[in-house]
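Undergrad: Shown below is the structure under consideration.
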Amino acid sequence: MSWQDKINAALDARRAADALRRRYPVAQGAGRWLVADDRQYLNFSSNDYLGLSHHPQIIRAWKQSAEQFGVGSGGSGHVSGYSVAHQALEEELAEWLGYSRALLFISGFAANQAVIAAMMAKEDRIVADRLSHASLLEAASLSPSQLRRFVHNDVTHLARLLASPCPGQQMVVTEGVFSMDGDSAPLAEIQQVTQQHNGWLMVDDAHGTGVIGEQGRGSCWLQKVKPELLVVTFGKGFGVSGAAVLCSSTVADYLLQFARHLIYSTSMPPAQAQALRASLAVIRSDEGDARREKLAALITRFRAGVQDLPFTLADSCSAIQPLIVGDNSRALQLAEKLRQQGCWVTAIRPPTVPAGTARLRLTLTAAHEMQDIDRLLEVLHGNG
């Protein structure tokens, strides 16, 4: 089989399964409204959970800092790309979340890959929730360590896997809020079992940070858990992009020596770091509390209105509210129907989710209004 035959076969298989991914160029993709092909849609596909991507205070911070620092960092943080803006953001994140250190990364994917690649050796074992993000599972499968997956949120199964003899160290990996189902991990129970077996816990809280907990401190703070490694990302609750790893000073020093994604990548622009500092200030303020309260009210309104729909509603109190349809083609048809009625919704299909669980992944944000939720419910009930 030639290279072209191999590529064609893979694409044909995706098409046949109604699983071919496509991108749509949009004029505006974050916030309350999505604009595409000169049409405006209510946007129920964005991760901009607090509606901060268009916050004037954050935009102003980026603009002013671009004038001061320029639009790029100029290099890796190990060469010339670590600015006073990066340092200030790291210090503020560490203080906010109760850690000694924070290290910035260009994306959550890079942060997860870097930590696992740097920390895990052949004699070690990773025990991961089987519904963990692709960045975590891919890094675990590519690492030299043994990978074992426990049944989603099943602490008993996790304990059984941890009890199996391991010549090296064990790392338990999970998410705070799961990206496709929107449900939360029982972090306190997971940490207890992990500590009983002398393991370390790594939590990716991409979808909880900024959105839940006191001052938006996220899933771990809410459940009174402090994992050895906490990954937070800035493309969701913060409304910007990038990520950080929170850890002890010793682990931070170790990652600065061995995390190749950090060492060999150009740092985020200093102006971006300043915008993130402005976003963090909003998240921690009374305005941040108000946005979280508004989002919670919108979620409650939505869940009350979909109880009688012929879909499986995930057990989610988060901004991620998937309606599990099952069949790929039906999910695509429903997404298209919603778009025709002015609601932009994305159909998520295997391999992103398990076979037979294709879904409409609806996301709500603090930028929405109650009438937006009512309109979505109207369309879902076939009255649009």
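Quick reminder: no glycine exception, Cβ is built from N, Cα and C everywhere.
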Undergrad: G108, F109, H207, T233 show up in Swiss-Prot as binding pyridoxal 5'-phosphate; which entry in S83, S132, S179 does that record put in the same site?
TA: S179
Undergrad: Hey, which of the binding-site residues S179, T233, T352 is the loneliest by Cβ count within 10 Å?
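TA: Sparsest of the binding-site residues S179, T233, T352 by Cβ contacts within 10 Å: T352.
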Undergrad: Calculate the distance in Å between the alpha carbons (Cα) of R21 (substrate binding site) and S179 (pyridoxal 5'-phosphate binding site), and round it to a whole number.
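TA: Cα to Cα, R21 (substrate binding site) and S179 (pyridoxal 5'-phosphate binding site) are separated by 18 Å.
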Undergrad: Counting across all protein chains shown, how many other Cβ atoms sit within 10 Å of the Cβ of F109 (pyridoxal 5'-phosphate binding site)?
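TA: Within a 10 Å radius of the Cβ of F109 (pyridoxal 5'-phosphate binding site) lie 19 other Cβ atoms.
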Undergrad: So what sits near H133 (substrate binding site) in its own chain, CB-to-CB under 8 Å and at least six residues off in sequence?
TA: G108, N112, E175, S179, D204, A206
